[in-house]
Amino acid sequence: MARSLYEWLWQHEFWLPPGITWEDMQESEDTQYPQPCDLLLSIPFALILIVIRCAFERAIALPLSTKLGVRDKQRPKAQPNPVLETFYSTRCKNPEEGELLSLAKQCDLPVRKVEKWFRRRRNMDRPSLSKKFSEACWRFTFYIISFFTGLAVLYDKPWLWDHRECWTGYPQQPLQPSLFWYYMLELSFYWSLVFTLPFDVKRKDFKEQIVHHAATIFLISFSYCANYIRIGTLVMVIHDASDCFLEPTKIFNYMKWKKTCDSLFMIFSAVFLISRLVIYPYTVLYNTYYYSMEIFQPFFGYYFVNVLLIILQLLHVFWSCLIIHMVYKFILQGTMEKDMRSDTEESDKDEERDTIREKEKNGITYFSNVTSNGYIQRNGSEPLNNRAHLTNGHAKER
C-alpha cells in the first residue's frame with residue numbers, strides 16, 4: 001500500500017511538464033538536479049537554528065535590551081486561587097458574565113474581584129517587552145543575513161534581470177550549490193518558526209501566520225521538487241526585502257525611540273506595499289502564470305504552484321490593509337500608536353478605578369498624573385486655566 005501511494009505521488013505527470021519524465025531528470029557527474037530527499041536536511045538545520053536563536057537571545061539580545069533601556073512593565077500578580085486557576089487553565093481565559101457570577105459564588109468573592117483576577121492572570125501570560133525585543137532582534141538578524149545572501153547568490157543570475165530566463169530549459173535546469181544552500185537556509189528558518197510558534201509572541205494575526213508559514217513551506221518544498229528553483233529564489237528575496245525594515249521598527253518601538261520608529265515604519269510601509277503589491281505580482285505571479293506558458297503546456301504542478309503563490313498574495317493584501325490603516329492613523333495623529341498585529345496588554349483603567357474606590361474608602365484623595373484638561377496634578381497644583389480669579393484681576397491659586 002505504501003509503495004503504491006509512493007508511486008502515485010511521484011508520477012511525473014504531477015511534477016513535470018508534458019513530454020518530460022523522471023528519466024530525463026537523471027543526474028550525472030557534471031549535472032545535479034534537485035532531489036526530494038534533500039528537503040529532509042531542513043529539519044535538523046531548523047533545530048540548529050533554534051539552538052542558535054536561544055543562544056543569541058540569551059547572550060546578545062537580552063543584555064542589549066538592558067543596555068538600551070528596554071524595561072519590562074511591572075504587572076500585578078493574580079492571587080493564588082485553585083478554583084479560578086482551574087477554570088482559567090481548562091475552560092476559558094475570558095469568562096462570560098454568567099460564568100463570572102457562578103465563579104464569584106463558588107469563591108465567595110465579589111464579581112469585580114473575579115474580573116480583576118482574570119484580567120491580571122491574562123496579563124501574566126502575555127510576553128514581556130524584553131521577550132518581544134529579543135524575538136525582533138533575532139528575526140532582524142536573520143532577515144538581514146538572508147536578504148544579502150539572496151542578493152549575493154542572484155546578482156549574476158540572468159533570471160534576476162530577465163524574468164523569462166526563469167523558464168529557459170525548464171525543467172532541466174541544473175542545481176547550483178549556492179542555490180541549494182540558499183533554499184536550505186530559508187526552508188530551515190520557516191520550519192524553525194513553525195516549531196517555536198507555541199512559544200513565540202502571539203499576535204492578532206496568529207492564524208494568518210500559520211497559513212503563511214504552511215504556504216511558504218509547501219511552496220518552497222514543491223518548487224524545489226519540481227525544480228522551480230529560479231522563481232522560488234525571486235519569491236524569497238522579495239519577501240526578505242520588507243522584513244528587513246519591519247523588525248528594526250519594532251525594536252525602536254520597544255526602546256521608545258518614537259521618531260526613529262515612525263520614520264522606519266513609513267519606510268517599511270513603502271517597501272512592503274511596493275514589493276508585495278507591485279513587484280511580487282509582476283515578477284512572480286505574471287511571470288509564473290504567463291511566461292511559463294511560452295515553454296510548456298499547463299499541468300498539475302503549474303496549477304498547484306500558482307495556487308500557493310496566490311494564497312501568499314491574498315495574505316499580502318490582508319497585511320497591506322492593516323498597514324494602510326496604520327499609515328492613515330499616522331498621518332492623522334502624527335505618531336504610530338502600536339503594531340495593530342500585537343496582542344496588547346489589557347487596559348489598567350479597571351485597576352485604577354478599583355484603586356480609587358479603595359482609597360476613597362480610606363479617605364485618601366487620589367491624584368492622577370494627567371496635567372491637562374482640568375485634572376489635578378500629583379504635586380497638588382492645577383493648570384493656569386483653572387485658577388480662581390479675584391475682582392482686582394490678579395490670579396490666586398486655589
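Even glycines carry a Cβ here, placed using N, Cα and C.
Unlike curated entries, TrEMBL annotations are predicted automatically.
Per DSSP, the secondary structure of the DNA-binding region (86-129) breaks down as 32 helix, 0 strand, 12 coil. Residues or ranges marked as DNA-binding region in TrEMBL: 86-129.
Annotation source TrEMBL lists compositional bias 'Basic and acidic residues' at 341-362.
What TrEMBL lists as compositional bias 'Polar residues' is 365-384.
Residues annotated as domain 'Homeobox' in TrEMBL: 84-128.
What TrEMBL lists as domain 'TLC' is 131-332.
Among the features that TrEMBL reports, region 'Disordered' is placed at 341-398.
The feature transmembrane segment is assigned by TrEMBL to 39-56 (among others). Same-chain residues lying 6+ beyond the ends of the transmembrane segment (39-56) with a Cβ under 8 Å from its Cβ atoms: 137-138, 141, 184-185, 187-189, 191-192, 195-196, 221, 224-225.
Here the transmembrane segment (136-155) has long-range neighbours at 53, 56-57, 60-61, 64-65, 178-179, 182, 185-186, 189, 233-234, 236-237, 240-241, 243-244, 247-248, 250-251, 254, meaning same-chain residues at least 6 beyond its ends whose C-beta is under 8 angstroms from one of its own. Look at TrEMBL and you will find 136-155 (among others) tagged as transmembrane segment.
Residues or ranges marked as transmembrane segment in TrEMBL: 180-199 (among others). For the transmembrane segment (180-199), same-chain residues at least 6 beyond its ends with a Cβ under 8 Å from one of its own Cβ atoms are 34, 38-39, 41-43, 45-50, 53, 142, 146, 149-150, 153, 209-210, 213-214, 216-217, 220-221, 224, 229, 232-233, 236.
The annotation transmembrane segment is assigned in TrEMBL to 264-283 (among others).
Non-local neighbours of the transmembrane segment (303-328) in the same chain are 205, 208, 211-212, 215-216, 218-219, 222-223, 226, 228, 231, 235, 265-266, 269, 272-273, 276-277, 280-281, 284-285, 288-289, 336, 340-341; each lies 6+ residues outside the stretch with a CB under 8 Å from one of its CB atoms. Positions annotated as transmembrane segment by TrEMBL: 303-328 (among others).
Per-residue pLDDT, averaged over the domain 'TLC' (131-332), rounds to 89. Outside the transmembrane segment (264-283), and at least 6 residues removed from its termini, the chain residues within Cβ reach (under 8 Å) are 163, 234-235, 238-239, 241-242, 245-246, 248-249, 252, 312-313, 316-317, 319-320, 323-324, 326-327, 330, 336.
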